[in-house]
Amino acid sequence: MSETNTGTPVVTFEGSPYRLHQPFPPAGDQPEAIRQLVEGLDDGLSFQTLLGVTGSGKTYTMANVIARTGRPALVLAPNKTLAAQLYSEFKEFFPENSVEYFVSYYDYYQPEAYVPSRDLFIEKDSSINDHIEQMRLSATKSLIERRDVVIVATVSCIYGIGDRDEYHNMILTMRVGDKLDQRAIVKRLTDMQYERNEMDFHRGTFRVRGDIIDIFPAEHAEHAIRISLFDDEVEGMQFFDPLTGHLLHKALRFTVFPASHYVTPRATVLRAVEAIKDELRERIDFFTRNNKLVEAQRIEQRTRFDLEMLDQIGFCKGIENYSRHFSGRKAGESPPTLIDYLPPDALMFIDESHVSIGQVGGMYKGDRSRKENLVDYGFRLPSALDNRPLQFNEFEAHMRQTIFVSATPADYEQQHAGQVVEQVARPTGLIDPEVIVRPASTQVDDLLAEIGKRIAVGERVLVTTLTKRMSEDLTDFLADNGIKVRYLHSDIDTVERVEIIRDLRLGEFDVLVGINLLREGLDIPEVSLVAILDADKEGFLRSERSLIQTIGRAARHIHGTAILYADTVTQSMQRAIAETGRRREKQIAFNLEHGITPRGVSKKIKDIIDGVYDAGSAQTELKAAQQRAAYDAMDEKAVAREIKRLEKSMMECAKNLEFEKAAAARDDLFRLRERVFGAAQHDLDGDGTK
């Protein structure tokens, strides 16, 4: 064991490339859970289940299992918010190893579709998040280059990406002293879908200046590489900052990875073009025989345009619809996915498996029904049906040794688990929330009173309702009563959702209202009360699993309480309350046995993914939170002095034309006045939100 500069112990294991930064040794049920899981893997168990309650340190247990086995790992999460949270935590545990993030790179995605009843064709439209695309490329690069890799992904990883072998064959490796013609390098870069751009040098581009070629690798976010040639020989290579041009350090060898997962060698493109032509002829014959002349003309026109593009530049819009021809697969064969990039001995962790497994099963059919219309009406060739996510049985066939992770395992995990490892006792000694049942007839007034108690002591509240309308009405009611409240709903995108959760932790507002978004894995230690309205309405949102998950959101606070508003106690409520009670008793017994006094969880408030979510705004929010704490500690005279200082600073900055500094001083002044006088001094969005 060694230590970092910050004093964090670093643990290594024999034969493992991982260096686990271990701020604290395993405690509670963790040591036994880690031992059993590693033993199960060594014994060759295909499936295991880690039944871990909220706040028991499941992620830390997973990190320990990965470090001890020394194998690459894929961690599946049910949504981007949870994936981002896991990525952030694994980065802290393995800062010296490769921790990667692989989620859908679409900020917006409108798939290609045809509505026969209205004769309406909807073109594919999408907006790609450049930074997430870079992280996806970095993930596949790491899997090819090294073994100490942890990939955190959503279930979008079961959608087809480029063939691993074709991708690997396109890699360009250069060493100092290699004989390489400048034109050959430029051609290889173009084949890898790098764009030559002398003016705007950004990720996935290159520029040529005499004997110097600058390449901005597609999988890098910050560094580019300069290749210096002399007489068709690589004379030197240096990393540099693409923004400032500052040279960083020399390199003796560098590997350029393709700018897209869908790159293919020229020979493969030509082979695919011939296969597409054959399929097109068959399809035209089919439509003609069935007297569908419009469809025959449509498929010919659309496909010939794509063929021309493929022949000339090796790429076309919607190239993924021809993926079967590029990979040489037969009709109906499973597409290549991220899982194919994993080595055979990799580990798979399926986090919140009771949700994730269901998602995997549901992906294929929705995709299939949309594409069948496109094929039937001549917008796409039948091979487009093979550009699809994995079917559930195919996913099962691709699964490596797998550990399901959930506080509420579903039927699939229970049927397939070789062993179930319980992790119920928390190292912090925190006890599961106290569950209180109160009548639904007075739920809103009672909730308002309970919220007031929590706000008075600086704690946060989550409220879950059954319908969108009720969430909106409740949010308006609470806001009218002076409560700082926000509403989390399905229309809010991933980035904004993460920011809302961060703002709740920072104290920008005190109450978060939602429907089905306040469940799995949301890590908010400041929340002391979870209120479940209409808890006696049986259904998906009020099932035993849903109730246990929602109650668990208050399990990270020392005063955690869950209030279920119901006029009758349903069977789901009974089972959820009984299971929570069982876990409370086990934790209390553990605390007594080991002399543990429960202590709250303290967790740094920070941006979840640097670069994906604006780090600048995160720093601003952190500074604001620190200022609020300082303002709270001031007496009246100190507050008056601080207000005068800020007013003077604001006026001086404005006089010197330093408008950004003046605006920052103005915002600090508004915050201080709001804190002291209890009223908002300005309204940025017109609705009281900032």
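Note: Cβ is positioned from N, Cα and C throughout, glycine not excepted.
Computed from a predicted structure; not experimentally measured.
Annotated in Swiss-Prot:
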DOMAIN    39-422  domain 'Helicase ATP-binding'
BINDING   GLY52, VAL53, THR54, GLY55, SER56, GLY57, LYS58, THR59  ATP binding site
MOTIF     105-128  motif 'Beta-hairpin'
DOMAIN    443-596  domain 'Helicase C-terminal'
DOMAIN    640-675  domain 'UVR'
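Cβ atoms under 8 Å from those of the motif 'Beta-hairpin' (105-128) belong to residues 136, 317-318, 370, 373-374, 377, 379-380, 493 of the same chain, restricted to positions at least 6 beyond its ends. Taking Cβ-Cβ distances under 8 Å and a sequence gap of 6 or more within the same chain, the neighbours of THR54 (ATP binding site) are ALA407, GLY552, ARG553, ALA555, ARG556.
Counting residues per DSSP class in helix, strand and coil order gives 33 helix, 0 strand, 3 coil for the domain 'UVR' (640-675). Same-chain residues that are not part of GLY52, VAL53, THR54, GLY55, SER56, GLY57, LYS58, THR59 yet have a Cβ within 8 Å of the Cβ center of the ATP site turn out to be THR61, ALA407, GLN423, ARG426.
Neighbour count (other Cβ atoms within 10 Å of the Cβ, all protein chains): 23 for GLY52 (ATP binding site). Note on LYS58 (ATP binding site): other Cβ atoms within 10 Å of its Cβ, all shown chains, come to 24. Neighbour density for THR59 (ATP binding site): within 10 A of its CB lie 22 other CB atoms from the protein chains shown. Long-range neighbours of GLY57 (ATP binding site) (same chain, six or more residues apart, CB within less than 8 Å of its CB): PRO26, GLY28, GLN30, GLN423, ARG426, PRO427. Taking the Cβ of SER56 (ATP binding site) as reference, residues of its chain lying under 8 Å away and at least six apart in sequence are, in sequence order, GLY28, ASP29, GLN30, GLN423, VAL424, ALA425, ARG426, PRO427. With helix defined as DSSP H, G or I and strand as E or B, the motif 'Beta-hairpin' (105-128) counts 3 helix, 15 strand, 6 coil.
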